[in-house]
Every structure is written in structure tokens, then in C-alpha cells.
Amino acid sequence: MKWLLLLGLVALSECIIHKVPLVRKKSLRRNLSEHGLLKDFLKKHNFNPASKYFPQAEAPTLIDEQPLENYLDMEYFGTIGIGTPAQDFTVIFDTGSSNLWVPSVYCSSLACTNHNRFNPQDSSTYQSTSGTVSITYGTGSMTGILGYDTVQVGGISDTNQIFGLSETEPGSFLYYAPFDGILGLAYPSISSSGATPVFDNIWNQGLVSQDLFSVYLSADDQSGSVVIFGGIDSSYYTGSLNWVPVSVEGYWQISVDSITMNGEAIACAEGCQAIVDTGTSLLTGPTSPIANIQSDIGASENSDGEMVVSCSAISSLPDIVFTINGIQYPVPPSAYILQSQGSCISGFQGMDVPTESGELWILGDVFIRQYFTVFDRANNQVGLAPVA
């Protein structure tokens, strides 16, 4: 009997997963719009989502080129703690980057004044370094230092974790950001300064039983979304997971067979690449096919520079179908048209991709809300299944 009890406890321990609840909040874009600042922001900042994946120049060893405009539309945020005792921060869990950074008490910029700031002197486990970090965006850059401390995430105590502490945050637009910092979940190969990403550090310490994490994004206005470290919860999806090999280990990049509408190819006719990115809100692709899609769905530009459609037309619009590894993944108009403040905004966004990189798409939250997603580091693959 004792052995049966022991075996049962071992089996239970192997099934333990760590969930981080995500809360859906108003995006930075919406905050700027409500304060009458969006048009001016878009005018001053040459916003190209591709800059997240294709920095204009190779960065020095301790520089992280991570344009912050890419988080303009983010709505899902979770809480982590850093230090002993823990200091709480609201962060984006971003599979499109690999570094962790938060504001620090050394930052006196306007953008830092209304956000949580890490104080190293209040943590008994903080270790300083001589490293620096610079996170470029728009016309300025966020600069800071690198340090080590314990990170609390989903009930996990991730010790000796390297992270960035911002010292300057130029640009008043970050004042309206609904998040404090970023927690990157991509591969270590794209991590600035060779810093070990949070999930890698967690796995290396044996704090999760499986070398994978998964994401469920709810369409609910407030709650229900989660990041799951070390496991998969089948209650979040229907059917079975379909697995797609990672084509390039850096971002969570996969191969796409085609993108169709009404049975006809509208992009990616010869196959293309896509990055599955929780740190991008929209469905993003090369400028030309995106322009064609906007035209096909009847989208036109409003005074804020957003592409909008008639809300009454949504029910008559077709699905956009991504065929990946032989499986069709339809995205219905109810998913790719975003309703906000009485407007219906297209969930597609164009980006200027370097021509030598081929046709690249970003499958952001518009896609992930439809499909429970598993990021499997052990087997370098992505699992997809329709959400429950």
C-alpha cells in the first residue's frame, strides 16, 4: 500500500504544471487614441513590425534591438515577482523575443513614473553586473543595466535569473503603456548579451517536468487566458494537437503551405515562413498581399491611420485559411475583425520585410486566440489545436 501511495504521488508530481493567469487590458494603441495622441504617435514613429525580427544593423554584444512600438496593440499581460521579497511587475509574455526587462528605480523618465520600478536595494538576493542594455525604439532608446535575481512566475522560483533594469525610457508614449516590462520566451540564440532566457533557466534548474510551455488566449474581455509552464492542459482545446516542426530555431518559426480565401491563394502560394508570436497582436505579412487582403475585405483607412471595415459587413466576410503542415487553420472574420469603441478594425497589418528573407508572416494573437498553442523546446516543434 505504501508503494502504491508513493507511486501515485510520483505520478502526480510529474503532472504538475504551472499556470500564469493573463489579464486582458486596454492596449497602448487604445490608450493613446483615447487621449488624442495616436495620430501624432503614428506620424512621429515609422512603425514597421518587421523591425522586431530584422534589426537594421547587427547590435553590439550588450545591445538588444527590440523596437517597443511592436507592443502597441498588446492586450494580454501577466504578473511576475522579482527579488526577495518579491516586487511585482506586469509583463508581456513574448514568444517573439528572449530577454526579460523591467523599469528600475534609477529611471526618472516620465514613462517610468507611473509604472512599477525594481529597487535592487530592497532585494536580499540581487546581484549586480557590469553589463548594460539598450532597447531601441522610434527616435530614442531605453538604456539600463543587467543584474541577477530570483524571478517568481506561476509558482516557480527561478533563481539566478539575468534581467535588464531600465534607467532611461525616452518618449512619453510609454507613459500610457499598460505593462511594465517584457518576458521573452523565444530561443536563447536571439537573446541579447547571451542572457539565459527565463524558460531556459527554469528548465535547466529542473523546475518543470517537460521542456515545453503552452498558451491559451481567451476572447473574453477580462480573464481566462494563461501561459502554462512545463505542460499541456487538454481542457483548453478540442480534438488533438497537430505538430509543426520549427524551421529556424531563434523565433518560433514554422513553414506555411499556403494562405487562401474562398479556396483561392491570396498569399504564400509557393509556401512561406511564419513566426508564432504572442508578442504581436495582429496577423502581419508583407505589404503587398496585406494590401490585397484589406481591399478584399473592404477595409479603408480612418483618420487615425487604422484600417476599418463596416461592422455590418462582418457576417458576410470569408474565412482566411492558413494551411500548415497539411492541416487547414481557418481564421473567421469574427476573429480577424477587431471591434473596439464602436469601430471594426482589420486585424491584418503590413510590414516591410527584406526581400532576401522571402515571404514572412507573423501569426499573432488574432491567430492564437483561435488555436491553443504549444511551444515544445524538447522536440523543436509547435503544437496547434482549436480552442475549446
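Backbone N, Cα and C atoms are what each Cβ position is placed from, and that goes for glycine too.
Going by Swiss-Prot, these are the annotated features:
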{"type": "ACT_SITE", "residues": "ASP94", "note": "active site"}
{"type": "ACT_SITE", "residues": "ASP277", "note": "active site"}
{"type": "DISULFID", "residues": "CYS107-CYS112", "note": "disulfide bond"}
{"type": "DISULFID", "residues": "CYS268-CYS272", "note": "disulfide bond"}
{"type": "DISULFID", "residues": "CYS311-CYS344", "note": "disulfide bond"}
{"type": "DOMAIN", "residues": "76-385", "note": "domain 'Peptidase A1'"}
{"type": "MOD_RES", "residues": "SER130", "note": "phosphoserine"}
{"type": "SIGNAL", "residues": "1-15", "note": "signal peptide"}
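Cα spacing between ASP94 (active site) and CYS268 (disulfide bond): 25 Å, rounded to the nearest whole number.
Distance from the CA of ASP277 (active site) to the CA of CYS344 (disulfide bond) is 23 Å.
A gap of 31 Å separates the Cα atoms of CYS272 (disulfide bond) and CYS311 (disulfide bond).
You'll find the Cα of ASP277 (active site) roughly 31 Å from the Cα of the residue listed as 'phosphoserine'. On a Cα basis, SER130 (phosphoserine) lies 54 Å away from CYS311 (disulfide bond). Note: CYS107 (disulfide bond) has non-local neighbours ARG117, GLY144, SER166, GLU167, THR168, GLU169, i.e. same-chain residues 6+ apart with C-beta under 8 A of its own C-beta. CYS311 (disulfide bond) falls within a helix when secondary structure is assigned with DSSP.
Ranking the active-site residues ASP94, ASP277 by the number of CB atoms within 10 A of their own CB puts ASP277 at the top. In three-state terms derived from DSSP, CYS107 (disulfide bond) belongs to neither a helical nor a strand segment and is classed as coil. For the disulfide-bonded residues CYS268, CYS272, CYS311, the ranking by surrounding Cβ atoms (within 10 Å, all protein chains) places CYS268 first.
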